[in-house]
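Here is what Swiss-Prot says about this protein:
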BINDING   Gly77, Pro78, Glu79, Ser80, Ser81, Gly82, Lys83, Thr84  ATP binding site
REGION    346-366  region 'Disordered'
Amino acid sequence: MSQSVLRLVDKDTMDKQKALEAAVGQIERAFGKGSIMKLGQRGSVVDIESISTGSLGLDIALGIGGLPRGRIVEIYGPESSGKTTLALHVVAEAQKKGGQCAFVDAEHAFDPLYARKLGVSLDDLLVSQPDTGEQALEIADTLVRSGAIDVLVIDSVAALVPKAELEGDMGDSHVGLQARLMSQALRKLTGTVSRSNTLIIFINQIRMKIGVMFGNPETTTGGNALKFYASVRLDIRRIGAVKDKEEVVGNQTRVKVVKNKVAPPFKVVEFDIMYGEGISKLGEMLDLGVKANIIEKSGAWFSYNSTRIGQGRENAKQFLRDNPAMAEEIENAVRANAGLIAEEMIGGPGGEDDDAGGAAGVGDEA
C-alpha cells in the first residue's frame, strides 16, 4: 500500500511553524487523526488513572493512589510471599468500581474459594487455564484488544511454557525460548495496552543465577524484556509471622517499589497478610496512623483523640473492626497525610533485593 512521503519545504517561502503544521497535516492524512498531537491537547496523557492495590500504604508508596491503568506491571518475589494475593486484591478493588477483570492461570493453581475471601466476585471474573505460553499470551492479546478489560492478571511468567518445549523430550535444551516468546508478546501488547487503558499484571518467580560471586544472585524468569516494558515493578517478601498468642495467623510482608515510571521509585511499605483474609487494612491503618502521629502509641496501648483503642495490636485491630466509623475517620486522616508518610517510605536503590530481576542467564532456563 502506497504511503504519502513527507515533502521538503522551502525555507524561504514558509517559516518553521507553517512547515511543522504542514508536516503534522500530512502525517494525519497518512495515518489518521490523532496519530500525532501536542501533549497538552490530551489531558488523559497527563492524568494517569489508577486502580487501588487494596493496601493503603502501597497506594501511597506508588505515588498515584494505586497501579497505573494502560501500563504493564510486574510483581515478583519468593514462593508464598503474597504475589497472587496482591494481584487478587487489585482485581477485587477494580470489580468494586464496576471494572471487568480476567485471570490467565498458567500455573493451573487458581483457588476460587480463597479469591472469594479476598473480595473477588467469581461470577464476574473471566478465568483461562491455557495449555501453552503462546496460547496464554494470545488470549491476553485478544482480551486487551477488545478494550473491555480493566485488569488482566497473568500468573505466572515462569509457567508460560513454549509449545516447542512441551512437545519436546524431557531432557531437551531450549535456551532462550521463553525469553524470545516474552519479548515478542510484549512488543505486540505494549501499544494495545495503552490504547485500551488496561492494567496488565505479570506475576513472576525468582531464580538463582549460576556462578555469581559478588552481588545478588537472584533474577526473575522470562528474560529482560519484561523489566524494560513494565512501568511498575514490585518486589514482595515475607519478613516474619503474625501471631495471635502462640498461633501463627498471618505473614508480615514487605513490598519494595523497585521501578516506577509514574512517580518516584524505591519506596518500601510493610503490611500484614492474614490467612483467609488477605491484606490487613486495619493493621496497616494502625501502623501508618502511628507513623503520621494520628494515632498515639504508649507502650502497648494505642489511642486516638484521647480514646484508648486497645492494648496490643490485635486488640486495637478488633476495636477498629467493631467501630467502622472511627476506622474510616482514621483512614481519611492517613490519606490526607499521604505526602508526609511517603517521604518516610523511601528505602533507596541499595538493598538486598536490588538485582532481583537482573539479566537472565542460561541457568535460568531450567
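Including glycine, each Cβ sits where the backbone N, Cα and C put it.
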Position of peak Cβ density within 10 Å, selected from the binding-site residues Ser80, Ser81: Ser81
Output field, ATP shell: CB within 8 Å of site CB centroid, site Gly77, Pro78, Glu79, Ser80, Ser81, Gly82, Lys83, Thr84 dropped: Ile236, Arg238
Densest Cβ neighbourhood among Gly77, Pro78, Gly82 (binding-site residues), 10 Å radius: Gly77
Thr84 (ATP binding site): secondary structure state under DSSP, collapsed to three categories: helix
CB within-chain contacts under 8 A for Lys83 (ATP binding site), separation at least 6: Ile75, Tyr76, Gly77, Asp155, Ser156, Ile203, Asn204, Ile236
Set of same-chain residues at least 6 away whose C-beta sits under 8 angstroms from Glu79 (ATP binding site): Gln205
List of residues, in chain order, with Cβ under 8 A from that of Thr84 (ATP binding site) and at least 6 apart: Asp155, Ile203
